[in-house]
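Engineer: If you scroll down you'll find the structure; I have some questions about it.
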Amino acid sequence: MVKEYKQIPVRESNLAGTNKFKLIFLGLVTGLFSGMLAVAYRFVLAELDTIRDSIYNMPFSINYLWMFLEAFVFGVIVVQLLKWAPLSGGSGIPQIRGELLGRLSMNPGPTLISKFLGGSLANFIGLSLGREGPSIQLGGVTGKIVGKLFKTDKLTSNYLITAGASAGLSAAFNAPIAGTLFTLEEVYGSFSHYLLLPSIIASITANFVSFIFAGKIYSFSFRVNQTIDMNDIGWVVLVGLIAGLVGILFNHFMEWTRRFFAWTRLKPIYLVPLIFMLTVVVGLFSPELLGGGHHLVEHMVAAPISVGMLVFWLIGKLVFTSISYNSGVQGGIFLPVLVLGAISGLLVYHISGLEPVYMVNFIILGMSAVMTAVVRAPIMSIVLVMEMTGSFTHLIMLSFASIIAFIVGEITRTEPIYETLYNNLIQRLTPQKVEESELIVSTFTIGPESPLKNTLISDLNLPTNLLIVEINREGLNLLPKADESIKTLDTVMVLHNVLDTELVHNYFTHED
């Protein structure tokens, strides 16, 4: 066994056929083009929002009949785009994860075009979908294209896909740190400096591109003016509890809606145009529910809203988002989830009776807490909301609310939304054909809770044929031996077949 280890190069840069300087350059290129694409998508959606709002603000007229006709036609167009590029539907985040785990392969050109056009049409009609998921997939596809152009190997291509996804979220929300955290934690599921390097470079580059074309502004215009006193922390706990319940209800309702649509057996050619036309009806009676909901959050801060209206918006947004997403069209759920959080936080503010200066605090607390309950990534949720609002003075309260929401999700054993969406995607797709001879190297950091810590390499119950080619421990690159034990915080490099990527990933990250 030791001789076999010696026959394998132990430097990741050699195995990847690249080096850190090349990764920095490729990360910059990926971030540049991903950022430009995400900003263009953002600009198009903003313009379409303006046009749609102007139509719905008109007195009842023939324009509404045209909207129904447009909804039907656009629905048919979106279905055709989805037939052309089947992996362009939904948020795109499960597709990126599936690509990285070797379970599917996105066709870059069709996927990119379908995502951009389909997402634009769905947003124009007013489906309750966000831009962040599509921006992540657009960025990831851009990373794959960069990898093809520079003829990189599979591992480096995966790094660039991850970097592009980070850049997409960064440009969508002007949140470079959250963009990097989300893709490393939720999409790739593993950390290494070779992976972090292009991701953070791409994320910052995309954020810079966003500042150039869209201005140096935060996603939301409101700020925290005064932090909540520790004596009022009970209200923060209540925000966490209610937001946690709203988050798990959202996750369950998403799955219930998916099962209902599957039960109806309606084909996409009927279902999508029907939901597009239903959206027009929603717009006639409650235009506030249309679109991702950015305008709704800003409206809640600018004008007093009754508790009854907030409850109506909460229920309406939850139901309409579930229907919109499960239509299968191009669009994400990040922004609608943040809207649900803002409404939840504002409801608790009304109950608290605190001074108006604290209203924004509750809105921001709710956004972070609901996002945590839905995605089950508290650190990313906290950082994302801070970057989107430019409010960095209330970290402790954000942490309190988010951790409580996280606990609520764990106690109820509700599966994180992107786990559910990924599993559903894999179940309905035909397995992709990959060459048996294609080998890649994956890196995994052994956490303190890992069952593999302090285990001898010879005692590992490996799930498939693989080779541990290097262990990085405290900055030193160690040649693995049979009597070597794996320690906490070791970075383990594993050579394996690309077909076994998900199996190897689950083993070293101890996921079921």
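The backbone N, Cα and C atoms fix where each Cβ goes, and this holds for glycine too.
Just so you know, TrEMBL annotations never went through curation; they're auto-generated.
So TrEMBL lists these for the protein:
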TRANSMEM  21-44  transmembrane segment
TRANSMEM  64-82  transmembrane segment
TRANSMEM  159-182  transmembrane segment
TRANSMEM  194-213  transmembrane segment
TRANSMEM  233-254  transmembrane segment
TRANSMEM  266-287  transmembrane segment
TRANSMEM  299-320  transmembrane segment
TRANSMEM  332-352  transmembrane segment
TRANSMEM  358-379  transmembrane segment
TRANSMEM  391-409  transmembrane segment
DOMAIN    429-510  domain 'RCK C-terminal'
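Context for these features, please: burial, neighbours, distances.
Structural biologist: Long-range contacts of the transmembrane segment (21-44) within the same chain, counting only residues at least 6 positions beyond its ends with a Cβ under 8 Å from a Cβ of the stretch, are 112, 116, 119-120, 131, 134-135, 138-139, 142-143, 146-147, 150, 152, 156, 159-160, 163-164, 167-168, 170-172, 194, 197-210, 213-214.
Beyond the ends of the transmembrane segment (159-182), by six or more residues, the same chain brings 16, 23, 26-27, 30-31, 34-35, 37-39, 41-42, 93, 96, 99-100, 131-132, 135-144, 146-147, 152, 188, 194-196, 198-207, 209-211, 214, 217-219, 334, 377, 379-380, 383-384, 387-388 to within a C-beta distance below 8 angstroms of the stretch.
Under 8 Å from some Cβ of the transmembrane segment (233-254) lie the Cβ atoms of residues 314, 318-319, 321-322, 325-326, 333, 337, 340-341, 344-345, 347-348, 351-352, 354, 362, 365-366, 369-374, 397, 400-409, 412, 414-417, 420, all in the same chain and six or more residues away from its ends.
Beyond the transmembrane segment (266-287), the same-chain residues lying 6 or more positions past its ends with a Cβ under 8 Å from any Cβ of the stretch are 52-53, 56-57, 64, 67-68, 71-72, 74-76, 78-79, 82, 122, 125-127, 312, 316, 320, 323-324, 327-329.
Beyond the ends of the transmembrane segment (358-379), by six or more residues, the same chain brings 181-182, 185-186, 222-228, 232, 235-236, 239-240, 242-248, 250-251, 297, 300-301, 333-334, 337-338, 340-346, 348-349, 352, 385, 389, 391, 394, 397-399, 401-406, 408-410, 414, 416-418 to within a C-beta distance below 8 angstroms of the stretch.
Mean pLDDT of the predicted structure over the domain 'RCK C-terminal' (429-510): 76.
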Engineer: Mind checking how the domain 'RCK C-terminal' (429-510) divides into helix, strand and coil residues in DSSP?
Structural biologist: 14 helix, 29 strand, 39 coil
Engineer: In terms of Cβ proximity under 8 Å, which residues at least six beyond the ends of the transmembrane segment (64-82) contact it?
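Structural biologist: For the transmembrane segment (64-82), the list is 55, 88-89, 113-114, 117-118, 121-122, 124-125, 268-269, 272-277, 279-280, 283-284, 328-330.
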Engineer: Could you tell me what the rest of the chain brings near the transmembrane segment (194-213), counting residues at least six beyond its ends with Cβ under 8 Å?
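Structural biologist: Cβ under 8 Å, 6 or more out: 12-13, 16, 20, 23-24, 26-28, 30-32, 34-36, 38-39, 42-43, 139, 143, 159-160, 162-164, 166-171, 174-177, 179-180, 183-184, 188, 443.
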